[in-house]
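J.: Copied straight from Swiss-Prot:
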ACT_SITE  His698  active site, proton donor
BINDING   Arg16, Glu17, Leu18, Lys19, Lys115, Arg519, Cys520, Trp565, Glu609  5-methyltetrahydropteroyltri-L-glutamate binding site
BINDING   Ile435, Gly436, Ser437, Glu488, Asp603  L-homocysteine binding site
BINDING   Ile435, Gly436, Ser437, Glu488, Asp603  L-methionine binding site
BINDING   His645, Cys647, Glu669, Cys730  Zn(2+) binding site
Amino acid sequence: MTTAHILGFPRIGAQRELKFALERYWRDGASADAERALVDTGRALRAEHWRIERDAGLDCVTVGDFAWYDHVLTTLAHVGGLPRRFGFDARALTLADYFAAARGNAAQPAMEMTKWFDTNYHYLVPEYSPATTFGPGVEWLFDEVREARALGYRAKAALVGPLTLLWLGKARDGLVERLALLPRLVPAYRALLARLREAGVDWVQIDEPIFSLDLPDAWRDAARPTYEALAPGAPKLLVATYFDDASEHAALLKALPVAGLHVDLVRADAQLDAFVADYPADKVLSCGIVDGRNVWRNDLDRSLARLAPVRDALGERLWVATSCSLLHVPVDLAHEPRLDEELKTWLAFAAQKTREVAALRDALVKGRAAVAAEFDDAAVVAAARRTSARIHNPLVKRRVAALTDADARRASAYSVRAAAQRARFGLPLLPTTTIGSFPQTPEIRRARAAFKQGVLDHLGYLEAMREQVRIAIDKQLAYGLDVLVHGEAERNDMVEYFGELLWGFAITSNGWVQSYGSRCVKPPLVYGDVYLPEPMTVGWASYAQSLSAKPVKGMLTGPVTMLQWSFVRDDQPRATTALQIALALRQETLDLEKAGIGMIQIDEPALREGLPLKARERAAYLDWAVRAFGIAASGVADDTQIHTHMCYSEFGDILPSIAALDADVISIETTRSNMELLDAFETFDYPNEIGPGVYDIHSPRVPDADEIERLILLALERIPAQRLWVNPDCGLKTREWRQVDAALAAMVDAAKRVRQKVEEAAPA
C-alpha cells in the first residue's frame, strides 16, 4: 500500500517545552536533577510527537529527528565525530560534553555555527582534520527506537547522510580534502545501520540534501561506493534529497543500491519526470508534496492530480511525504486562539501537515470520495484565498510599478558621502559600536507580558521601555563606545516587531520554530500587500538620541531579511513582496532622517541565506535583493550614514553584490571562523567601511581584551584602519548584562590599544 510519512517533526514542543527545559538545565549548572528533568522532557516530547503522527494516520513515526541542540551535532555524536580539541570520550559522551561543544566552555570556544542550506535554521559546523576519527558514539538513537517500539509504533529512523555530514564540515589543520575522511566515516555508519537493523528498524531515511546542489564530480563519484558499502547488513535505506532540484543527479541516485529515494516537489516540481522515467522496479519513490517550509494549506486536489500519474506508474511504490522535515514550521495551529479566523483557514502547521500527507495517501489508495470532506474544504479555502480583498492593496501595487533604477541608488558616490559623514560625526580611528540589541531582561519581559495581558496600560509600558533605553545608553557611555544604539527593549524579535506594525503582515501567538539550540523565533506571516501606515521606530530612536551627544543609530530590519525570516505568501513572486517591504522601509528611513537620526542601520543578516542553492538562479536573486536594499536605503542625504549587518554567512561568492548594496558601513560575523571570512577581502577590494565581529555573542563565554586585540590585529591585515570598525558579531539580546558589561568593556579597551598602536606607527 502507498505509504504516508514525514521527514521529521519539530522538536521544540507545542509550548516550547524543550527550550525552557534546556535553559533550566543550563541555569542550574547541569546538575543531576536538572539533567533528569531535561531527559524526561525530551522523552515526553517524543512520545507526544509520535502520537500526533499516528493520530494523523501516518504509516510510521520518525525517530532520530529529535536533537537536544542540533541534528548535525547529534549525528556527530552518533558516529564519534565531535571536534578533537574538546578531548571528549566519544562512547562516554555526556549531555554536558555535548552542550560544551555547542556553546563553548572555559577551555574551548563553541563550534562554528552557520545556516542549514537556505533556511533560517542553524547547524553546528563539523571540524575535520587529518587526525579526525569516527567510531561508536552515544546510544541516544537506540533509546528513541526502544521508546517508540515500547509505545507500539512502527519506527522509521532518520540520519544525516555521510556525504552531507562531510560536505557540511570545514577542513582544518592541513586537511586538504574532506572526502579523504570518507573511508573512516563509512564503517561508523555501517555499524550504526547494522545495530538499527538488529533493533528491528525496517527503514532508515538517510538525508543527503547535498544532492540538490551543484556537486563537484568527486562528490558525485563517491556516492555509489559509499552506498554499496552501507547497504549490506542495513535496514532498507531511503535516500532523501530536498530543498531544490536533484534531477541532474537522477541517474546516479536511481542507480544507488538503496530501497528508495525522496524528492522535494514543492521546491522543484519539474524534477519529478526525471525520476519517474525508467524508475527502478526495486525502489520506492517518496514524493514531498506537502510543504515543510511554509505554513500555507495544501491545495489537496492539485497535489492529488500531480501524484495520480505517479501512482499509475509506480503503484504501491509511491510514498507520500512532506517536502522536508517539518522542523521549519510551527507545531500546531490549534494553539492559535487569537489569530484572525479567515487567515487561520489558509494555514497548516506541522500537526495539520501530517494529516494532509495522510489524506493524500487515502485519496490515492481509496479514491477521493473517501476523503471528500477534507478535499472539498481545502478547495473552498484555496478559492477564497485567491480572491480575498484583504490580500490586495492597489496603492502599493501602483507604487511598486512606479519605481525606477534611480530609486535604488544613493545620490552620490561613497567617497563623497564618506567625506560628508566624517565632517558630521568626527569619529576616531577604529570606531566602536554594537549591532543593535541589548539583553532582554526579566524586567523587560515582565513589562511586555503585563502590557499584553492588559495589566499595564500603554503609557506605563512606554515609560518602562524608555527606562530600559536610558539604562542602555548610560551603560554604553560608561563603556566608552563611540556610536550608540537604543537597545531595542521594545522589540521581542527583529522581524516580528515590524510585522506587528506593517499592513499585510500577521503575527501568531505561538507559531514558534527553532533557530538553534534553545533559540526560537516566531516568524510573521506575510499574507498580503505590505504598507507602512505610520512611523515604527522614530520615537524610540529620537528619545535615545536625546540622552547623548554621541550618535545613536536608528535600527531597521532589511527587506530581504524580513522576507527570509517570515512565512511569505506564495501567490506572487518573492521579488515583488521584497519591493513592497523595501518601499515601507524607505519611508521609515526618511522619517528617521527627518527626526535628526544621522546613522541608520538596515540589517540584512539573511542576504546570503536567501541565495538559491543552484548557481544558475543566483544572479536573478541577487539582482532583486540588491535592488530592494537600495530602495530602502537610498532616499537619504549624503551625510546620513547607512549601516548594514550580516551574520552566519560565507561571503566570498557574493562580495560583488555586497559591495553593490553600497552601505556606508557593513558589520559581519567573523569570530567563530577566526576571521577566516575576511580572507575573501584579500582578493576583492571592498570599497566601503567594514566591522568584522570581534566578540562571539552566541556563547556565554566572555573574551578578554587580549583576545579581542588579537582579532582586531588580524582584521587590520586585510582591512585598512581608516575603514575598520570594531563591534561584536551580532546583537546582544540573548546574553546577560554581566556578560555584556565585561565583554564590551574589554572590546573598547582592545580598540583603544590598537588605535594607539596604529597612530604611533603612522608616519609623522
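First residue shown is number 1, and so on along the chain.
Yeah, the Cβs are placed from backbone N, Cα and C, and that goes for glycine too.
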J.: For the recorded L-methionine site formed by Ile435, Gly436, Ser437, Glu488, Asp603, name the remaining residues of the chain with Cβ within 8 Å of the site's Cβ center, in chain order.
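T.: Filtered neighbour residues, in order: Thr434, Val485, Met494, Met555, Gln601, His645, Cys730, Gly731, Lys733.
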J.: Among the recorded positions Arg16, Lys115, His698, whose Cβ has the fewest other Cβ atoms within 10 Å?
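T.: Result for the recorded positions Arg16, Lys115, His698: minimum number of other Cβ atoms within 10 Å at Arg16.
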J.: For the L-homocysteine site as recorded (Ile435, Gly436, Ser437, Glu488, Asp603), determine the largest distance between any two Cα atoms, in Å, rounded to the nearest integer.
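T.: Maximum Cα-Cα distance: 13 Å.
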J.: Over the residue list Arg16, Glu17, Leu18, Lys19, Lys115, Arg519, Cys520, Trp565, Glu609, recorded for 5-methyltetrahydropteroyltri-L-glutamate, what is the maximum interresidue Cα distance in Å?
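T.: Per the listed residues, the maximum Cα distance equals 28 Å.
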J.: Tell me the Cβ neighbour count for Ile435 (L-homocysteine binding site), meaning other Cβ atoms within 10 Å of its Cβ, over all protein chains shown.
T.: 25
J.: Do you know offhand how many angstrom separate Lys115 (5-methyltetrahydropteroyltri-L-glutamate binding site) and Cys730 (Zn(2+) binding site) by C-alpha?
T.: 15
J.: Cys730 (Zn(2+) binding site) to Cys520 (5-methyltetrahydropteroyltri-L-glutamate binding site): how many Å between their Cα atoms?
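T.: Spelling it out, the Cα of Cys730 (Zn(2+) binding site) and the Cα of Cys520 (5-methyltetrahydropteroyltri-L-glutamate binding site) are 16 Å apart.
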J.: Taking Cα atoms as reference points, which of the recorded positions Arg16, Leu18, Gly436, Glu609, His698 is nearest to His645 (Zn(2+) binding site)?
T.: Gly436
J.: Provide, as an integer number of angstrom, the distance between the C-alpha atoms of Asp603 (L-homocysteine binding site) and the residue listed as 'active site, proton donor'.
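T.: Just about 18 Å between their Cα atoms.
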J.: Spatially, and counting Cα to Cα, which of the recorded positions is closest to Glu488 (L-homocysteine binding site)? Options: Arg16, Leu18, Glu609, His698.
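T.: Result for Glu488 (L-homocysteine binding site): the nearest of the recorded positions is His698.
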J.: Report, as a single number, how many Cβ atoms besides its own are within 10 Å of the Cβ of Glu488 (L-homocysteine binding site).
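T.: There are 25 of them.
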J.: Using only C-alpha positions, which one of Ile435, Ser437, Cys647, His698 is spatially nearest Cys520 (5-methyltetrahydropteroyltri-L-glutamate binding site)? These are the recorded positions in the record.
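T.: If we rank Ile435, Ser437, Cys647, His698 by Cα distance to Cys520 (5-methyltetrahydropteroyltri-L-glutamate binding site), first place goes to His698.
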